[in-house]
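Remarks on the structure that follows.
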C-alpha cells in the first residue's frame, strides 16, 4: 500500500531532507524511515516533494512511501509521531495515496516562504528560524525587483548554485510577494519546481536591492547575464520554509 503524508520539521539539526553517504549527521528522510522501521520492521524508502537543504524548515512537506500493513491510517500516524517525538519532526496527516502518486513528480506547485527580521536587535527566541537583517529594507523596491523574475520560462542560470545538477535553468515562477508585518518581512515564492538554492539566491538578491545596492531594474541584467556571480548573495537556510505542495 502506498501512503501519502504531510510533514512538518525544524531543519536546524538536520543535514537536509536526503540521506547523504559520507556526510556526518542525520537527515529528515533517515528519521522518518527509521520510525517506519520501528513500527513495522520493514525497510522502506520515503520520497519527498522537496529535497530541502540543511537548516531549511518545512510546514507542509509532502512524502510518500510503500508499506505492507493492516494498520489503520491514524494508528500509523500516531505511532510515527511517537517514534519521531525527539527528532523535531511531526506527521500532520497521513492517508492512503492514489495508485501512481509520487510526492515529487506528481506535484504541480511548490510554495516557499522566507522569513526576515528587519530590526537593529537580533532575535533570541527564533534566531534559527529567520534571517536577521539589521539595516532597514525598502520592501517596495524588493517587490519591484521581484516582479522581473515572475513569468513563464525565464532563464535563472544566475540564480542557481554552482553544484546544481538540473539540465535546464529555465523555470516559470508564478509568484514572488514581499510583505512587511512590523519588523518582519515575508517573501513568498511559488513555482512548479526550483533550481538548487534558487529561492535563497532570489531572497539574497532582493535584500541587496532593498538595501539600495542596485535598482530594481538591475534584475533584468542579472537574468540576461546568466552568470551566478551577477546575482546577489545566497540567503542563509534557516529563514526558509517549504509551506505547501499542490497536486
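Using N, Cα and C of the backbone, Cβ positions are placed for all residues, glycine too.
As annotated by Swiss-Prot, active site, nucleophile applies to 53, with the evidence given as sequence analysis. Contacts of residue 53 (active site, nucleophile) defined by a Cβ separation under 8 A and a same-chain sequence distance of 6+ are given as 11, 16, 17, 197, 237, in order along the sequence.
If you look up Swiss-Prot, you'll see 112 marked as substrate binding site, on the strength of sequence analysis. Taking all protein chains in view, 26 other C-beta atoms sit within 10 angstroms of the C-beta of residue 112 (substrate binding site).
In the three-state DSSP assignment, the secondary structure recorded for residue 112 (substrate binding site) is strand.
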